[in-house]
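According to TrEMBL, the protein has these features:
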{"type": "BINDING", "residues": "CYS250, CYS317, CYS318", "note": "Zn(2+) binding site"}
{"type": "DOMAIN", "residues": "11-332", "note": "domain 'Hcy-binding'"}
Amino acid sequence: MVSGSVQQSPFMSDFLHKCGGYAVVDGGFATELERHGADLNDPLWSAKCLVTSPHLVRKVHLDYIDAGANIILTASYQATIQGFEAKGYSTEEAEGLLRRSVEIACEARDIYYGRCTKDSCDFMDNGSASRRPVLVAASVGSYGAYLADGSEYSGDYGDAVSLKTLKDFHRRRVQILANSGADLIAFETIPNKLEAKAYAELLEEEEINIPAWFSFNSKDGINVVSGDSILECASIADSGKQVVAVGINCTAPRFIHGLILSVRKVTDKPVIIYPNSGETYDADRKEWVQSTGVRDEDFVSYIGQWRTAGASLFGGCCRTTPNTIRAISRVLSNKSSPSLS
Ligand SMILES: C[S+](C)CC[C@H](N)C(=O)O
Ligand SMILES: N[C@@H](CCS)C(=O)O
Ligand SMILES: [Zn+2]
C-alpha cells in the first residue's frame, strides 16, 4: 500500500472485475483514420474528421470494439474550442463538435450492442453469454496537441505558459466533455508536471463528477517527455479523488516495463498502458518515420511482463491497429498463454 494515497473509488475495480481482471483499451485512433485514407495534415489533426467524416470516426470506433476493446477513446484528442474557433467555427459549433465526438463513440457502442445477440456474444460472465463491457472515454489531449507542432512530445511550453494558462485553456472543454454522456475522461499524452497539476486542479475546481485517468508519455523510460519526474507526475495523478487509473501512453514499448514499476511506486490505483508502435513522428511533415517500430507479435509479447509488473489496462496508441488490439485481447483472455507467464 502506498502511504498517503486517497480513498480509492470502486469504479475501476468494479469495471476490471466485470472484464475478467484486465481491460483492453483501443488502439491508435488518428493513425487508423489515416490508414483508411483520411488526410490529417491540419491543425485539428484527427478532430478534423469530426467535421469531414464522422462515419469514418464511427467505423474506427466500431472496428476497435469488434477487435475486443473494453474502452474506446473519442476523437476529441485535438478537438479544442480554441482550435475550432481558429478555423472559423463559432463557440457554439465548437462545443457541439466536442459533444458530437462522444455521441459518435456511443453510437458505435450501440451498433455493437444492437448486433450482439445471445448466440453471437463473444463475452462470458459467470459462465453465460453476455454483452462485453464497453466504456466511452472522452479524450483530452494536451495544450501541446492544440499547438499542432508535436509539443506533446517535448512538453516545452515556454515560460509564458503558466498553471493558470493551462487551466483556462482546458476548463470549458473539460466541463463539456464531463457532461457529454462519456463514462470517463482520458487525460492522455500528458507531457509535463504543470499540465498534470492543471488537470488535477480543474477536476476539483469544476467539481467534475465522472472518473478520469491520467496518462503520461516518455521518451527515455525514466522521466516524462519534458524531463519532469514520472514519480512526481504520477503522484499528482494519485492525489486526484476522481482519478481511477494512472499510466503511460504514446511511448515506445521498450520503455513501458520500467515506467510501470515507477508509477507503481507512488500509486495503488490501477495502471493503464497503451504504448505506440515505437515509430517516431515528424511533426513538421505530420508523418510517421517508418521502420523504427515493433511488429504486432513483438508488441504483444511484452504483455506478460507488463502484466507481471502490475498493469491492469492494456491497449495501443499511435500506429497500432485493430490487429494489435485483437492480439492483446486474445492474450489476456487466454491466461494460460506462455506469453503471460
Ligand atoms: C501524438 S502526436 C502524433 C499528435 C499530432 C500533433 N499534435 C500534431 O498536430 O502534429
Ligand atoms: N487517442 C489519441 C492519442 C494520440 S497520442 C489517438 O489515438 O489518436
Ligand atoms: Zn499516440
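Just so it is clear, glycine is given a Cβ too, placed from its N, Cα and C backbone atoms.
TrEMBL labels come from automatic prediction, so no person has curated them.
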Residue with minimal Cβ packing [other Cβ atoms within 10 Å] among the binding-site residues CYS250, CYS318: CYS318
Shell list (Zn(2+); ref centroid = CB of CYS250, CYS317, CYS318; cutoff 8 A): GLY28, THR31, THR189, ASN217, ASN249, THR251, TYR274, PRO275, ASN276, SER277, GLY316, ARG319, THR320
Other CB atoms, at most 10 A from the CB of CYS317 (Zn(2+) binding site): 27
